[in-house]
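The structure appears below as structure tokens.
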Amino acid sequence: MKIEIAIVLILAAAGLGYFVGNMLRKRISDTLVSKAEELASKIVDDAKREAETITKEAELKAKDEVFQAKAEAERDAKEKRKDLQALEKRLQQKEENLDKKMNLFDQRDADLTKKDQALLNREQGLVQKEERLDGLIAEQREKLESISGLSSTEAKKILMDAMESEAKLDAAKRIKVIEEEARETADKKSKEIMALAIQRYAGEYVAERSVSVVALPSDEMKGRIIGREGRNIRALEAATGIDLIIDDTPEAVILSGFNPVRREVAKIALEKLITDGRIHPGRIEEVVAKAEEEVEQTIKEAGDQAAFDLGVHGIHPEILKLIGRLKYRTSYSQNVYQHSLEVAFLCGIMASELGINVKQAKRAGLLHDLGKAVDHEVEGSHAVIGAELARKYGESPKIVHAIMAHHEDEKPNTVLAVLVQAADALSGARPGARREMMETYVKRLDDLERIATSFVGVNNSFAIQAGREIRVMVSSDEVTDERAVVLAKDIAKKIEAEMTYPGQIKVNVIRETRAIEYAR
């Protein structure tokens, strides 16, 4: 019974709870719905207000933009109106200027028409006067011919001959004046440049000879050098191609030969043999071979050193070897290697004074005597041989031409070629640079005087300054001042054609006029 009552109570409580819950849920739901409706209504109202605000702002912005666009359009229109007004004003001014110019042209055209008419009238008057003058000239010519007894052709010829003689005399005088002025200016400038070059480069070297002397520790060494029945000296001469002269000279052996390279090889080999003490044919051949290698190395180093000292780079190795061989070549007892260096330095100094390429000038000066390094088997002058070698080993045409032209084998047509000629003359022609045999020297003086006296009008001639100047005394009755200038050039050309000489020779023609009168 109690259980049933409990169940009934539980069921009643559950029903009551369900009822109360439904009532509460319904009330809460109604409250939430009303709040949601209020919130939605509020959101809608806010959205409407915001939309109205945005719409108003957009309308205001649009109105503002329209206003600004109108204002900008008005400004543009105003500026365009101003530009158009300015353009219209300029066009009006141009039109006025054109009108003025047209009026001016019309005026000038009228003036030119008047001038043309005046010139035409004047021309007609001149034609008439010319006809009258021609008639008068013909009449006067007939009178002159009848008076002088000469035809017009003969008179014209006499006049032309007189004018030609006078013109030649004036031309000769003018040429003399111009040449003197040019010579004074050129001599002064060239002397300044050459003097500066010589002062800035003062090279020193000892002239080579055709013999070398090897010192011996004692005269007993001479017998060892000769060997049994002369076998050592024969082996040494055969290996080197040099003659050994063993005479009464104390403690010395003389090496004689015209090939300086072979002579140097023989000298080095003999010195090594003397130092070593073992002297026999087998040892001689071995030492000579080593000496040849040493000389070849010396030649290569000499070529490299020359290029380094001058600051000239990019020269072919074969050319450098030939330059090194010049160390063992001489010309009139002047060492060609030192001469080439001297010419290169002088060329560079003069080139810097003249404002031309210094490196190129030094290169041409160094290579100008390249042909002298080649043995006699190659035919041709050393200038031609040197130019061919330079061309073969890739030197520029300017360098090749300078080498070819330095002894007039080709006419010099560049400043560089003339510079090399001048530097070569400076190095070779200065006193003491070169020597020649007494017989050659005397013959050269005789040839100079013979060539000078072979010309008409020459009374006497004297070779002075060791044959570097020839003074020619001419007759004042046969040779005029103008003719003396031409005579000096003719003598110089004949000397160049018939003689061989180092440097240059000055031809000095002297004409003396003496006026004698006696006071009584």
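Any Cβ shown, glycine's included, is placed from N, Cα and C.
What Swiss-Prot lists as transmembrane segment is 3-23, and the listing cites sequence analysis. As annotated by Swiss-Prot, domain 'KH' applies to 210-273. Among the features that Swiss-Prot reports, domain 'HD' is placed at 336-429, with the record citing sequence analysis.
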*Where else in the chain does the transmembrane segment (3-23) make close Cβ contacts, counting only residues six or more beyond its ends and a cut-off under 8 Å?*
none
*asked:* Looking only at the domain 'KH' (210-273), how are its residues distributed among DSSP helix, strand and coil?
replied: 34 helix, 13 strand, 17 coil
*Please average pLDDT over the domain 'HD' (336-429) for the predicted structure.*
85
